[in-house]
Amino acid sequence: MCAASVYPVSPEAAKHSLTDEAAYRAMYQQSVINPEGFWREQAARLDWIRPFSEVKRTSFDDHHVDIKWFADGTLNVSANCLDRHLAERGDQVAIIWEGDDPSEHREITYRELYQEVCKFANALRGQDVHRGDVVTIYMPMIPEAAVAMLACARIGAIHSVVFGGFSPEALAGRIIDGSSKVVITADQGIRGGKTIALKENVDEALTNPQTRCVQKIIVVRRTGANIRWYPHRDVSYDDLMRVAGEVCAPKEMGAEEPLFILYTSGSTGKPKGVLHTCGGYLLYAALTHERVFDYRPGDIYWCTADIGWITGHSYLIYGPLANGATTLMYEGVPNYPDVTRIARIIDKHRVNILYTAPTAIRAMMAEGPAAMEGADGSSLRLLGTVGEPINPEAWHWYYETVGRSRCPIVDTWWQTETGGILISPLPGATALKPGSATRPLFGVVPGLVDNLGNLLEGPAEGNLVILDSWPGQMRTIYGDHDRFVDTYFKTFRGMYFTGDGARRDEDGYYWITGRVDDVLNVSGHRMGTAEIESALVAHAKVAEAAAVGVPHPLKGQAIYVYVTLVAGTEPSDTLRQELQQWVRHEIGPIAVPDTIQWAPGLPKTRSGKIMRRLLRKIATDDYDTLGDTSTLADPGVVDQLIAAHEAVKQR
C-alpha cells in the first residue's frame, strides 16, 4: 500500500470489530459473485410477514430500467423498527432528544416510541390517511418528527419529509408534485436560539391554488406561539393523541411498495422526488449502519443530520432503529450557544459514535482548541463524515482533536438516490487515507468511465458509475420514470451514473472529486444551479443568471452568481441585497448566493449554451487556463467578466 499518510487498522479495532479484513474480503466477494445468495442471507436480519422467493430482478438497460428486490415478500418497516424489539429491549432508550436549549432533553424508550407511533398512526387514519397516500412532514428536529415518519410506515402511507429551512414556495412545489393529502408541521421550529415560522410557511405555501390536494394540517406545539388557525383545516397533534387508540396493527406491505419520497436537487431545476421502497431500503440501511459504524448493542450513536435529508432518514431513524440502537437527535446547530456544544453533547450523553458533516468539522476547526475546551471525549470510539468529500486538513483535525488520535474515521460516500452508504472504510478492516472514501461496501460494484463510457482499469480518474444494483437503490423519480431513466441510465448505457467524478489510486481506493454536472454542494446539501438561476430570473429586474460553485473554507462550496440585468436597470448594492432576499424567499436560506457579480453578458456558444467552465475559472481567479474562447458568440465578454470580477474582489 502506498505509504503517503496511511493510518493502519489498530490491532484493537481489528480484534473487537464486527468486520476485519478477512471478513470484508470474503463477504464482498460473495456479495458480487453471488448477490442472490448474499442478500438472501442478509435479509434474515429483518422480520418478514410473507417470506420472499426471489431475491433480485434488476435491469440497468436504458430501454427497460427495472429494479426489484425481494418483490413477492411482505413486511412492515415500523414493526421492524419497533415491535420486534419490545420483548428484549422495550425499556431501552430508543431516542435521546437534545433540545436547542441545553437545558432541554428527553429520553424515549422503545416501548414509549411504539405507543406514540401506534396512537399517531390511528390519528392519521382518523384523518382519512391510508395506504399509498402521501403525507408531507415539515417539522423541526423533535421526536414527533420520527413518530410521524414511523406512523406513516405503519399504515402504508408514503412520507415526504421537507427540510424545515425550505421556503413556502419550495414547500409548495414538493406538496404539489407528491399530491400530498396531509401536512404535518409545528407552530415554530427553534435553531440556534432563533424561531422558524413553520406553520406560517405552510399557510403561505397553501395559498398556491395547486395545493388543493391538502385536506388537513396537523400541528405540533413546539413553542406555544400564537399562530393563525383555520378550524376547517388545522388539527392539533395533542388533541388527536389525547383520543387516539393505543393499538394499531402494522399494515402488511409489499417489499416493493413505496416507503417515502425525498426531494433532491437536479441539474434541470425541478427537484426530483426520489422514491425508496420498504424491503430493500430498510435492509440496506440496517446492514450498512451496523457494519460501517461497527454498531454494538449499548452504543450511544449520534448522527447530526436533519431528518429533511437522506442521512437523517437512513442513519438517524431507520438504520439505527431497525438495529435496536439508541439514536441521538439534536434540535439545534453545532455552535449554539457556543462552539463547545458538540463536545458538551458528546460528554453529556456519553456518545460512542459521531457521524457529522465536513461543514460542521470545519466550523469547529476554525475556532481552534476552543471547540473542544474542557471536553473529556473519552466515550468516543468512532467518527464518521458525510455529505461531501472531506479535505485532508479537516480530516486530520477531526482525528487528532475530536478523536484524540484513537478513533477511526469512516469517510462515507453515498447519495439520496443510493439509500445508504456505497463506499466507506470499515473500522476493523480498512487502513485509512485522509480524504479517501476508500473501498466499496457489500454488493456495490463501482467503476470509472471516460466521457465516451469506456471503463477505465487500474489507477484512473473519470466519471463514477455503479455497474449493478443494490437493495437500497432508488426505484424511480416519483411520477416521472422517464426522467429517472434519462438522468441516471442514459449517459452511460447499462450503468448507473452517479453524477460524481472520482479517482482510483494504486490500492483501489476511491477519492471523490465532486460533481461533474451542474449541481452544487453547499454545506453538504445538494442544490441545482438551475433552481437558483430560475429563482433569480423570476425577478422582474433580472434578464439572465448563471450560478457556479467556488471553494469555501467552511461550506465546501459557496454560491457565486453572474447576473445580467434587464436593459435600463442600474446595478447597486441595494439591488444585490434585494436579489439575495429574493432567493431566500423563493428557495430558502441555504440557496442564498454568497456573491453576485453584475455581468454585461454571459459566455455562450453560438448555439446558446452557457460555458460554465469559463464562469467557474473566472470566479476562482483562474484566468491562465481559460483555454480556447474563439467558439463563443462574443469572445469579448470574457475580458469584461474578468474586469467585473476584479471589481467584486475590491468591494
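Each residue, glycine too, has its Cβ placed from N, Cα and C.
Within ARG439, ARG483, ARG515, the residue that Swiss-Prot lists together with GLY387, GLU388, PRO389, ASP411, THR412, TRP413, TRP414, GLN415, THR416, ASP500, ARG526 for binding ATP is ARG515. Mapped onto three states, the DSSP output places ARG191 (CoA binding site) in strand. Cβ environment of THR416 (ATP binding site): LEU262, THR264, VAL274, TRP309, ILE310, MET474, ARG526 lie under 8 Å away, each six or more residues apart in the same chain.
Annotation note: PRO389 (ATP binding site) sits in a coil segment as assigned by DSSP. THR412 (ATP binding site) is 23 Å away from ASN335 (CoA binding site) when you measure Cα to Cα. Taken residue by residue with DSSP, VAL542 (Mg(2+) binding site) is part of a strand.
When the binding-site residues GLY192, GLY193, GLY387, PRO389 are compared by the number of other C-beta atoms lying within 10 angstroms of their own C-beta, GLY193 comes out lowest. Counting every protein chain shown, 25 other Cβ atoms lie within 10 Å of the Cβ of THR412 (ATP binding site). Close to ARG191 (CoA binding site) in the fold, though at least 6 residues off in sequence, lie ASP100, PRO140, GLU331, GLY332, VAL333, TYR336, each with a CB less than 8 Å from its CB.
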